[in-house]
Amino acid sequence: MGHDSDVRADIAHARRLVVKIGSSSLTDDDGRVDPNQIDMIADALEARMARDTDLIVVSSGAVACGMGPLELAQRPTDLATKQAAASVGQVLLAQEWARSFARYGRTIGQVLLTASDAAERDRARNAQRTIDRLRQLKAVPIVNENDTVATSEMRFGDNDRLAALVSHLAFADACVLLSDVDGLYDRNPAEPGAQFIAEVKSSKDLKGVAAGDGGRLGTGGMAAKVSAARLASRAGVPVLLTSTENIGAALDTAEVGTCFWPDQDRLSAWKFWVLYAADSHGQLHLDAGAVHAVTENHKSLLSVGITKVEGDFSQRDVVDLVGPDGNIVGRGEVAYDSAMLHDLIGQSTSDLPEFARRPVVHADYMSHYSNRAQLKG
């Protein structure tokens, strides 16, 4: 892809598209679901689907939509109240999406995910199959974080990160992030002299960009959107960031907003999952020689280079690889459980019994944090 117009054309003609809608785009000033706003969005989504686009909607707004009926003037800060608001808002939001798409004879399917669903490969695959089957049955998947059962603070960032992960899970050709901002600026667009950034080819284009916080109803903020866009880019998915007001043009020609180019050295599906979605079940501490071997020479990790094992993990679990300075240098899938590894620490392969001579982490099942660092501006 040599030109910005090429990337925008790819987004405009994507056969499989993820569209994320922000909280503020779905509610009125009182924090209640806005049927007119949802109809406007559904109209634009339907126009794109009429072009044979396979479309997945990531809809924020459950907590925001529950605030009005529960008479909450401010977005709740404690987890229990957030979950209560989400439990009310999810029902109202799903009803409105169903009503609006029914005007076109379409059925919706609600897919509620948590961060732990993405972290476990089997659960991630189940979510992937559910989304795929909904599309095969001509239903519109409406994806949201399952805020009501989250056991930790909601960490997807107004579903921006969730949209990036869904783009990866669904093998999307492009992702559109919609909110109340028309694109990326080098500072708060309300400030004099703020410069619009039309395209982001790499993290170098983000140097000096100051991203603000989320609004009253949302939790994302521009920083979360940029991070999510770069995350999707690492999976090879181009991203368009713009306002919901521009949804028509965004889904038609993509000649609006900020365009994030996909990385040319896209990560494999497995390495992407390991770096950005999987939970770590433990840590392997490496000596300097092992760090050099796995990060610079792309070699497998052998037991002789391990100085310490932390955590209680099973064979094929994902673990962090930690250097002598305490910094995590990568992640990988272990060939042995933690109990067995304690007996292998520091031993040369030739000194081990035959059944224990496999690499502790094979190079094919390892991903380095140098890849992850590319997300940072």
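Cβ from N, Cα, C; glycine included.
From a predicted model like this one, the values you see are computed outputs, not experimental measurements.
Per Swiss-Prot, the features are:
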BINDING   Lys20, Ser179, Asp180  ATP binding site
BINDING   Ser60, Asp147, Asn159  substrate binding site
DOMAIN    281-355  domain 'PUA'
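All features noted in Swiss-Prot, drawn onto the structure.
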| residue | record | DSSP class |
| --- | --- | --- |
| Lys20 | ATP binding site | strand |
| Ser60 | substrate binding site | coil |
| Asp147 | substrate binding site | helix |
| Asn159 | substrate binding site | coil |
| Ser179 | ATP binding site | strand |
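Counting in whole angstrom, Lys20 (ATP binding site) lies 8 from Asn159 (substrate binding site) by their C-alpha atoms. When each of the binding-site residues Asn159, Ser179 is scored by how many other Cβ atoms sit within 10 Å of its Cβ, Ser179 comes out lowest.
Here Ser179 (ATP binding site) is positioned 20 angstrom away from Asp147 (substrate binding site), judged by their C-alpha atoms. The record assigns Lys20, Ser179, Asp180 to the ATP site; their largest pairwise CA distance measures 12 Å. Of all the binding-site residues given, namely Asp147, Asp180, the one with the smallest number of surrounding CB atoms inside 10 A is Asp180. Helix, strand and coil content of the domain 'PUA' (281-355), in residues and according to DSSP, is 23 helix, 21 strand, 31 coil. Every protein chain considered, the tally of other Cβ atoms within 10 Å of the Cβ of Lys20 (ATP binding site) stands at 30.
Cβ neighbour count for Ser60 (substrate binding site) (all protein chains, 10 Å cutoff from its Cβ): 31.
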